[in-house]
Amino acid sequence: MKIANRKVTAERLVRDALEKARHFADYNIFTFLNEEGAIKKAREIDARIAKGEKVGRLAGVPYALKDNFLSTEGQTTAAAHILEGFVSPVTATAVEKLEREGAIMIGRTNMDAFAHGSSTESSYYGPTLNAHDRERVAGGSSGGSAVAVALDIVEFATGTDTGGSIRQPASFNGVYGLKPTYGTISRYGVVAMASSTDCIGFFTKTPDDMNLLMEIANGQDPKDLTTLPDYYDESEAKKIKKIGIIKDFDNTSVDSEIRNALVSKVELARSKGYEVVEIEMPALKYALAAYYIIVPAEVASNLSRYDGVRYGFRAKDTKDLDALYKNTRGEGFMPENKRRIMVGNFVLSSGFYDAYFLKAAKARTLIVKEYEKAFEKCDVLLSPVTPNPAFKLGEKTNDPVAMYLEDAMTVPLNLAGVPGLTIPAGKTKDGVALGLQLIGPRRSDKSLIEFSKELV
Amino acid sequence: MKYIPTIGIECHVQLATKTKLFSEVDNDARNKEPNSCVSPVDYALPGMLPRLNGEAIKFAILAGKAMNCEINASSRFDRKHYFYPDSPKGYQITQFYHPIIGAGYVELPSGTKIRIEHAHLEGDAGKLTHFDTYSLVDLNRVDTPLIEIVSMPDIHSAKDAHDYCKELWRLMTFAGVSYGDLYNGNMRFDVNVSLAPEGSTELGTRAEIKNLNSFRSVERAAEYEIVRQSKLLDAGEKIIQETRGWSDDTGKTTGQRSKEEAKDYRYMPEPDLPPVNLSADFIQEVAEKLPLMPADYRRKFGDSLKTEILEILLDYPELIRKLSEVDEKYVVTVSNLFTSVLLAEEKSAEYLNDLPTAKQLNDLAKMNEKKELSSTATKEVFLHLFDPQMRRRDTEVIAKELGLIQENDLGALETIVDAVLAKPETQEAQADFRAGEEKVIGFLVGQVMKESHGKANPSAVQEILRKKLA
């Protein structure tokens, strides 16, 4: 991605990216295009290169920023009405690190409001279209970012993954998408969805780009006490020998074309001398239920701050404080946001906490242990990302549970904090992109990225 | 019927850390513009995460040790949810369920021990000021570190309630963890009072009086509640479990017409903060820095000082600490100067910040003892130890400069006495005294004092006079 010493200028790259973004405007990828800011930055970088100054590893590289990352450029809305007009005075740690290396944000990408959703249809700004099939969803919640990379508008895009929000849209659009080990990249300055499962990650076109971005963005941050001590740069990519296939996932509930894609990758691996073992992970069947208790609880809590008092949208003509809260939140949140707030408050309410939240927390512990056991038997798990390929726009919007079921294979990783990398795996006969995910033990992010090159 | 009151007290103490509990913003909001001590974290911008202030942890350990409490090696924060503009995040971050400070006790001056159930660390809320049609929000106080000290139901009188609160205040100020400025709300008390018939093993229904900010209010409000509840019970009525407000002006508590819906705070583990795990070494290292506490001083001075004097001094950590540096034989003299001279001064608060050295005080007491300074002169020199022009000098230098050293040299005094007795204007008085008129001795002493320019030791003068006139 380096452009130093290249023939092309940063300004040319940025102008091309902006031009492509405008060209694909009907895909509804961006909530904000950083036209002036991006070109200004590109010129600064070109000037520095012309003077022979040292520039960063991402100098002049155009990228797209998911709209839930705080930066001082443009509004940060998380595609939510209630954050309309919010211009952040601070910048997320991850964004700072990218920009310090010279990356140039050309636009903010569309998403399900507050990252609640699996299709980007729950955005206040309307859905983003799939990069390869305009009748299908982009996936979500980081739909805009996945499509921006898949359509080659930018070199990379940021995403957040709370239950699959990077891996699933990466799969739906045929690009690489990494959810790192929990705590690898600082969450400071990223609109919180569920604090204990939120992960910052990226969409790229190649494993090497992913590795470079991880080298840049990883690291302990005093502003985020849940970040891990630095490990990424020091970690050696572990030589992977044994690949595990999860028995429970390879069943009839998974679409046949996805199963075929899995089988062909397994065969490719076997042909390269890798050992393939079947792993039973029965505890994973509790993951979806546990996830949809723990995450809504944290969601309800994290969304409490959006009350119309200090920033963002405030309902008009409210007669008292109660009405200010109710109308602001009533008008400002999307139906999916409200659903999760209600579920979350329900499972936390007195009398229900033990029956729901506490039980889910225990299930979570079982799931953590299930992965630990699995990685005693194999080095990496290869699994579908979703039971089905990208679905049609509007197909599941009226059936939240059907939508939640699409997350069954992504959420267990978030509960366990382990990393998952979506790799492209061809297309269906209808031309819909397919992906598979590589799952490793905590801190194996680099090994996953390295190993993914073997499966191309 | 006779009732036994039982009083439980929750005390909120604002910790005097440099920065807030979860951000690096100035924690001292006194005399600051509203909303000027607020970071994006306190303001609850999207994506902001709490950081934990290590100094607050250390202060909590000191506060706990001051109350003879266990310090828990592992503690944890929860979120306590409620919507109100004083709470930008929509929840308070609190250790209520997993506190850093465990069980302990506070010993009152009377010797009564009040057990502490626990004390937990949490963030304070902002402040709202209400007007006719609008309210103003000041978030300066948001996430100022608080410890909330929860007592066991060991208090059975309004007087003990007062003494307990005051002792807590002393412990916190002695430990140096709070400014202890009650006027500015550094310590606030929630007092719950219930009555049970004498001999009953069960506690009665309690009423809680919230947000009291002086010891006197605590005592008066508790007293009022005891009387109010006694009357109701005597009349066969029931006590309603409720929150009541206290008015210093009317001297009454009144039921607050709050919406009586059960509050559900939806507690949840705070996912942004890892548990606080403290090693035994760390706890000990911090605890060793705990200075002497009131109980230590009571042991130290209990034999030499009157209880009233000692208890006054214990309201001023600076004074009792200074007194500890003074020679044991001068402790009484110096403590009297502190309580009857220094504290009577208009500027005493200012003086407390820069007390004389122990040597200056020892010298002063010594000069008084040797009668080089009269008691009046001693007080005068003492006050000059605070004089900006003189304060750095030795006591004797100051006393000399002021010309206050008494003439104790008997030979020199005799010469002056002889001179006075030789004066014609004293002849009549001398005759009167010889004739048995005792009181004229005062006139003669006065004459000698005048002659000596006030430096003569009057008792020595009298002695010489009596000898000469005998």
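Glycine residues also receive a Cβ, built from the backbone N, Cα and C atoms like all the rest.
As annotated by TrEMBL, domain 'Amidase' applies to A:13-448.
Following the DSSP three-state reduction, the secondary structure of A:Lys66 (active site, charge relay system) is strand. Annotation source TrEMBL lists active site, charge relay system at A:Lys66 (among others).
Annotation comment: TrEMBL describes A:Ser141 (among others) as active site, charge relay system. Around A:Ser141 (active site, charge relay system), taking its Cβ as the centre, 36 other Cβ atoms fall within 10 Å, counting all chains.
The active site, acyl-ester intermediate annotation in TrEMBL covers A:Ser165. Long-range Cβ neighbours of A:Ser165 (active site, acyl-ester intermediate) (same chain, at least 6 residues apart, Cβ-Cβ under 8 Å): A:Met111, A:Asp112, A:Ala115, A:Ser118, A:Gly140, A:Ser141, A:Ser142, A:Gly159. According to its DSSP assignment, A:Ser165 (active site, acyl-ester intermediate) is coil.
According to its DSSP assignment, A:Ser141 (active site, charge relay system) is coil. Across the domain 'Amidase' (A:13-448), the prediction's mean pLDDT works out to 96. Taking a C-beta cut-off of under 8 Å and a sequence gap of six or more, A:Lys66 (active site, charge relay system) has these contacts in its own chain: A:Arg108, A:Thr109, A:Met111, A:Ser142, A:Gly144, A:Ser145, A:Ala157, A:Thr158, A:Gly159, A:Thr160.
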